[in-house]
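What Swiss-Prot annotates here:
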DOMAIN    1-159  domain 'Obg'
DOMAIN    160-333  domain 'OBG-type G'
BINDING   166-173, 191-195, 213-216, 283-286, 314-316  GTP binding site
BINDING   S173, T193  Mg(2+) binding site
Amino acid sequence: MKFIDESLIRIEAGDGGNGCVSFRREKFIPKGGPDGGDGGDGGDVYLQADENLNTLIDYRFNKRFAAERGENGRSSDCTGRRGKDIILPVPVGTRAIDNDTKETLGDLTQHGQKMLVAKGGYHGLGNTRFKSSVNRAPRQKTMGTPGEKRDLLLELMLLADVGMLGLPNAGKSTFIRAVSAAKPKVADYPFTTLVPSLGVVKVDDSHSFVVADIPGLIEGAADGAGLGIRFLKHLERCRVLIHLVDIAPIDGSNPADNVAIIESELFQYSEKLSEKPRWLVFNKIDTMSDEEAEERVREITEQLGWEEDYYLISAATRKNVPPLCRDIMDFIIANPREAETQQVAPEEVKFKWEDYHQEQLAGYQFDDDEDWDDDWTEEDDEGIEFIYKP
């Protein structure tokens with residue numbers, strides 16, 4: 001299945017149903033009074049996280065989703081039916097962004113979590129609502145308000161504890177294959193990894209963590225070189241970044257310069273991401289003796305001014321890999337996941353039409369009651385005042 005981590009869709013909540021102007025008509029009751037019912041509220045649009053999904057491919061071609069409109073009110077004080085909501089399933093880790101305002105509406109980080117992204121229109125009021133001691137035959141009603149409409153950008157960001165960084169062919173996919181059951185493609189050419197992949201690393205019977213592998217970065221990735229930096233967003237929720245460095249690049253480049261390239265591209269993408277805990281892990285030490293590897297790493301760290309701890313491993317032979325995994329697990333246990341971006345609960349969303357009818361009724365001035373025409377029918381709109389026109 002093709003991996004799709006971004007999709008722009010159009011969502012439209014349902015419009016509110018209109019109120020009804022009607023009067024009670026019964027034998028021997030010439031002036032039965034108003035009995036026009038309210039309309040129904042428009043349907044809402046929700047996103048719901050589903051752990052069985054891992055891509056946004058369902059929204060690659062199907063781009064428009066609309067909730068049902070509320071029904072109009074009817075005579076005999078009948079209220080219109082509320083429009084049906086629609087719930088759009090998305091993978092866990094999806095972020096919803098208003099494409100016009102760039103406002104983040106919320107993140108869905110748990111299975112079953114639901115988020116309101118477009119609220120339906122408010123129902124119109126029937127003429128029964130306007131009756132009073134001085135207006136016993138009101139011919140006023142309100143129209144339902146339009147539902148909210150958005151161009152919604154869906155961004156899928158993988159939920160992983162550990163993120164892998166490095167140039168192409170640094171050995172990231174080989175490392176994933178060595179520590180987990182994941183089997184990303186491994187080959188002797190750059191950009192073998194084209195899309196992010198996840199692997200679950202089981203340290204012991206009761207402890208495990210998730211590691212994310214993304215396509216390699218090259219110099220100029222921030223300007224679109226290579227595969228660009230679009231996949232770096234998948235590292236935003238990681239607790240620690242593992243910077244895998246080829247200790248003996250086949251092209252003869254300086255590993256210290258390669259580290260600096262990744263640091264620069266990371267900073268250009270996001271200063272916050274560049275400040276995440278980052279460990280240097282030197283790979284492919286099996287290509288030289290232990291003494292030569294230690295000497296080369298010492299030179300690299302001196303050039304970088306690196307004063308933190310570092311690791312020397314061989315992902316191909318799994319040399320020194322288990323101790324690294326145990327240290328990662330200890331770090332994860334000691335540093336619980338930070339709270340995700342504040343979620344927008346449906347009850348906290350303030351819709352623009354929320355106080356519309358209260359304001360209309362509070363400011364409406366009723367005229368003195370006048371005799372009304374017995375020949376008036378529901379089909380006759382003459383004399384009807386529309387409080388709101390969309």
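Glycine too: its Cβ is placed from the backbone N, Cα and C atoms.
Not measured: the values here are computed from a predicted model.
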Ask   = Out of S173, S314, which has the highest number of nearby Cβ atoms, where nearby means within 10 Å of its Cβ, if these are the binding-site residues?
value = S173
Note = Here the binding-site residues are K172, K284; the one whose Cβ sees the most other Cβ atoms within 10 Å is K172
Note = Reduced DSSP state (H/G/I helix, E/B strand, rest coil) at P215 (GTP binding site) is coil
Ask   = Between P215 (GTP binding site) and S173 (Mg(2+) binding site), how far is it from one CA atom to the other, in Å?
value = 9
Remark   = S314 (GTP binding site), DSSP three-state class -> strand
Ask   = Across the domain 'Obg' (1-159), what is the average pLDDT of the model, as a whole number?
value = 88
Task = Measure the Cβ-based neighbour count of G166 (GTP binding site), defined as the other Cβ atoms within 10 Å of its Cβ.
result = 23
